Amino acid sequence: MDAAAREAQQSGVEWRVTVPEGTSVTVEHEAGPAARAWTWLVACFAMAWSRVAGFARKVWRIGTDDPRKAVHGLKVGLALVLVSVFYYTRPLYDGVGGSAMWAIMTVVVVFEYTVGGSVYKCFNRVVATASAGVLALGVHWAADKFGELEPYILSGSLFLLAAAATFSRFIPTVKARFDYGVTIFILTYSLVAVSGYRVDELAALAQQRLSTIAIGIFLCLAVSVLICPVWAGQELHLLTTRNMDKLAAAVVACVEGYFAEGPASSSRAGADGYKCVLNSKASEDAQANLARWEPAHGRFGFRHPYGQYARVGAAMRACAYCVEALCSCAGAEAQAPPHVKRLLRDACATVAVRCARVLGEASRSVATMSTSSSRALDFAVADMNTAVQELQADLRALPSMLAVKLGETSLMDTMPVFTVASLLVEISARVEGVVDAVDALATLANFKQLDDDDNDDKKGEAEMTIKVHPLNEPDTADESRENQTSKA
């Protein structure tokens, strides 16, 4: 070793490592500044690429889920191309003057996703622009007659009208239907009032701008109505039926989750459907407001009762609040013993299924816009009420049953089950409120009636079978044996 050390010193080697034979050694060199910078650039590029790819996947998912949104973008582009012809074609440009840009601005501002939204903005823009322009010209002409008092008259009129118009936006009716028009009125009147043009020049300018705005509105409405139209009334109609179906599924899922064997859980498929009902109020109000502006189309005639859809939604939300409380019971820490749950499991499940059936029949009636299923709906409501009465009878008999069979169970242990059963009774009552709202909608909208005798006979037989079964026939052989034993 001494000889090796002396040889290493003579050869200028600073250190030496001796390894056994047959092994390999990897020597890692510390990366320099250039290598570290390159690694950082590669990491930044990879991160940026992953974000761009994620954003592209999200955009693609939005387009595939609802292709109408992609079509809407194409419709806006087509409307802008058509209105730009007035800007690039010399004879048309000379006809409208330098105000051709207002037509393009009109298309950009008023083109909405639904036909009702486009009609709403077009109407408000035309009325607000015309009224503000005429009023401003009149005030301008009157102020010009007073000579030196003209600035004071114009400023005072601007202050008063702007203040009054802004305050009107707090009125609920004006806010819901004419909010955009009030904004355009203030803008137009302010631009005309503070302009330094003479009255005759203002009249010519107002005529050119109104003509270009009318051109933009005409093209906007033509593209919106004639090419793949999206009707707000149909969207509201579909939203109502989907919410009914989701609410029906949530009732059954929550009850099944509560009475499931093992730890109670409300995370079953469909149990969160009530959340869509609770969160849809803003969408329902907006679509109902826009649908009023739409012309008659398809099954939706003139003056269709879109406001009644909001009342149906309010009835569904009243029911959804109880469903939310029912789902919270399934995830609560205080749970009744399993043997206590079994005593009311069948009755509660029956009430939940009957409530879901009523909601399903109501949804079918609204979806088809017909009263052909009204008889089935009436029988479904009767079956639901019968199931509720049976549940109430079981609740009244539960304390004595616990005292005889389960003496060791205290009454406090049964309170969670009583809570769930009481909520189901309340849900059934609120489901009847949904049925009443649907009946009112059918009356106001004049749902069609199917008078086919053969179909009525078949439906009547099926309904009678459904109605007789829960009242007079035992569900299982075990129940029939129990009834015979009790009679003996």
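From the backbone N, Cα and C atoms, a Cβ is placed for every residue, glycine too.
TrEMBL assigns the feature transmembrane segment to residues 95-115, out of the candidate ranges 95-115, 242-262, 347-367. Residues 180-199 are the range that TrEMBL records as transmembrane segment, among 40-59, 180-199. Cross-referencing 72-89, 414-431 with TrEMBL places the feature transmembrane segment at 72-89. The highest tally of CB pairs under 8 A with the transmembrane segment (211-232), across 72-89, 122-143, 149-168, is held by 72-89.
A Cβ distance under 8 Å defines the sequence-distant neighbours of the transmembrane segment (72-89), meaning residues of its chain 6+ beyond its ends; these are 96, 100-101, 103-104, 106-108, 111, 113, 212, 215-216, 219-220, 223-224, 227-228, 230.
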